[in-house]
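Colleague: Okay, these came from TrEMBL:
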DOMAIN    105-238  domain 'Fatty acid hydroxylase'
DOMAIN    281-395  domain 'DUF2147'
DOMAIN    408-523  domain 'DUF2147'
TRANSMEM  18-37  transmembrane segment
TRANSMEM  58-76  transmembrane segment
TRANSMEM  96-116  transmembrane segment
TRANSMEM  159-183  transmembrane segment
Amino acid sequence: MQTLSFTEFFPKALLVDFLRYALTTGIIYLIFWVLFFKKWQHRVIQKKPLQLAKMYTEFAFSLSTVFVFALIGTGIALAKSAGHTLIYDDFGERGWVWFFASIGLMIVLHDAYFYWTHRLMHHPLVFRHVHLVHHRSTNPSPWAAYAFHPLEAVVEAGIFPLLVFTIPLHGLALFVFLVYMIVRNVLGHLGIEFLPKNFLSNPLISWHTSTTHHDLHHKDFNHNYGLYFTWWDKWCKTEHPNYTETFEEVTTREKAQGNGIKTLLMLLLASQAVSAQSVAGLWQTYHDKSGQPLSMIRIQEKESGIEGRIEKIFLQAWEGEDPICEKCPGDFQGKKVIGMQFLWGFKKAGSTWNDGRILDPVSGEIYQSKLWLEKPKVLKVKGFWGPFYRTQTWQLEQDNQDNNPVTGTWKTIDDKSDKAKSLVKISEQNGVLSGQIIKIYLQAWEGEDPICIQCPAPKKDTKIVGMTIAWGFTKKEKQWENGKILDPGNGKTYLCSIWLENENTLKIRGYWGPFFRTQTWKRIKSE
């Protein structure tokens with residue numbers, strides 16, 4: 001038996017693992033998100049476009065995973081050449097029945113292995129240091145299939161030594177399993193539900209996971225840990241309560257098609273009314289993921305086209321007050337971001353402005369761009385990079401928060417169960433906001449009037465109902481900042497900011513170092 005060397009085999013393993021990831025992901029991405037996107041766009045699960053910058057990050061971490069997989073694959077190959085594994089080459093040794101049975105067995109064992117290691121990755125101590133890398137893709141693309149922290153990549157690859165050292169496997173069976181694994185993984189992160197609408201009603205196949213199944217995990221984190229099958233999530237009661245409802249909603253959407261002369265006429269009249277409006281004015285931009293205000297852009301119409309400058313940016317306390325653009329190219333480099341020309345060169349063509357350029361001060365990249373009015377006060381801005389694009393929604397500036405004050409009674413929602421947790425009354429005094437718990441929703445076993453055992457003095461051992469849990473918020477532009485919020489569950493106090501998403505929705509963001517967590521509270525008028 002010929003003995004392999006590491007230096008001889010590792011480059012080949014690295015190339016094979018890279019091609020297995022890149023070709024599978026690239027082909028599936030090309031089919032669904034580029035070539036036939038119009039056919040599938042109504043099935044985009046989260047109704048959001050993929051973000052180019054996020055796909056870059058996913059690809060970069062996937063390369064590190066390819067490296068880890070190649071290392072472990074090389075180790076297995078060296079062990080096989082030395083006769084230490086149960087991998088065999090002669091079909092006659094075990095027969096065809098075992099060949100096919102071994103493939104099914106590997107898939108079932110991997111699904112169990114993945115479920116329980118995945119649950120481990122969601123332990124708070126592991127999650128924020130390791131698994132958070134993968135969960136930064138809350139709206140994943142196919143490129144997120146291998147986007148793991150290197151330590152998690154080692155755990156993911158751990159299934160292979162367990163298989164080859166304990167189960168007799170033909171090399172071809174192992175290859176089929178590897179192909180199955182990457183295809184299912186990429187489809188799980190596709191972001192588009194391609195399965196038929198009756199999939200969940202067919203008992204012969206409904207126990208397989210769908211793209212929606214794993215997409216809900218990326219969106220909400222605390223459910224749907226399974227990889228290939230739904231068995232473990234059902235047995236351990238971790239399946240998302242809205243899985244069936246979400247799948248049915250996505251798969252029963254109608255394609256965007258015309259509905260006759262009346263609809264076409266209404267669309268034509270609406271588009272003419274919008275296209276007649278000028279895009280000049282002050283526009284507010286928002287963070288794609290959090291919805292938090294980012295900046296104010298002043299757009300002006302000139303003979304040469306439209307131009308836009310950054311008039312204001314919304315900064316956190318640690319971000320300074322007047323940043324400069326360190327990564328910007330050419331004449332932009334080293335200039336202050338506020339006052340910088342942000343977009344230019346757009347020419348009007350019908351109801352859109354095309355062939356413009358837009359600068360991202362964070363990355364320093366300049367993108368080809370176009371923009372159009374979706375509604376009289378809603379501007380869509382699309383930036384292109386090759387076949388990729390990213391679309392943002394800007395709002396024409398108006399003082400919505402003066403009309404919809406944050407004061408009042410708000411219902412807090414539990415992150416895991418999506419059930420009402422408490423009622424908090426927010427009040428303002430001398431320009432400073434505070435919030436007091438006026439009611440908590442308890443289960444029968446939780447008592448009737450709990451006290452805060454873990455709270456620091458002077459709140460320790462005092463009743464939670466009536467306790468002030470938020471204080472010190474001062475208004476800055478469209479949000480209230482520099483406040484503190486107390487979690488009676490663990491007794492910890494966090495730096496916090498709050499802002500209105502709309503009249504009846506309040507966003508609460510607590511910070512812990514570089515990490516943050518955002519909750520959604522709902523306004524109530526009576527209880």
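Cβ atoms here come from the backbone N, Cα and C positions, even for glycine.
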Colleague: What residues elsewhere in the chain lie close to the transmembrane segment (96-116), defined as a C-beta under 8 angstroms and at least 6 residues from its ends?
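Modeller: Here the qualifying positions are 156, 158-159, 162-163, 167-170, 172-174, 176-177, 180-181, 225-229, 231-233, 236.
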Colleague: Near the transmembrane segment (159-183), which residues from the same chain, at least 6 beyond its ends, have a CB less than 8 A from one of its CBs?
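Modeller: 20-21, 24, 28, 72-73, 75-76, 79-80, 84-89, 91, 93-94, 98-100, 102-103, 105-107, 109-110, 113-114, 145.
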Colleague: I'd like the per-state residue tally for the domain 'DUF2147' (408-523) from DSSP, helix first, then strand, then coil.
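Modeller: Looking at the domain 'DUF2147' (408-523) with DSSP, the answer is 3 helix, 73 strand, 40 coil.
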Colleague: Over the domain 'Fatty acid hydroxylase' (105-238), what is the model's mean pLDDT?
Modeller: 94
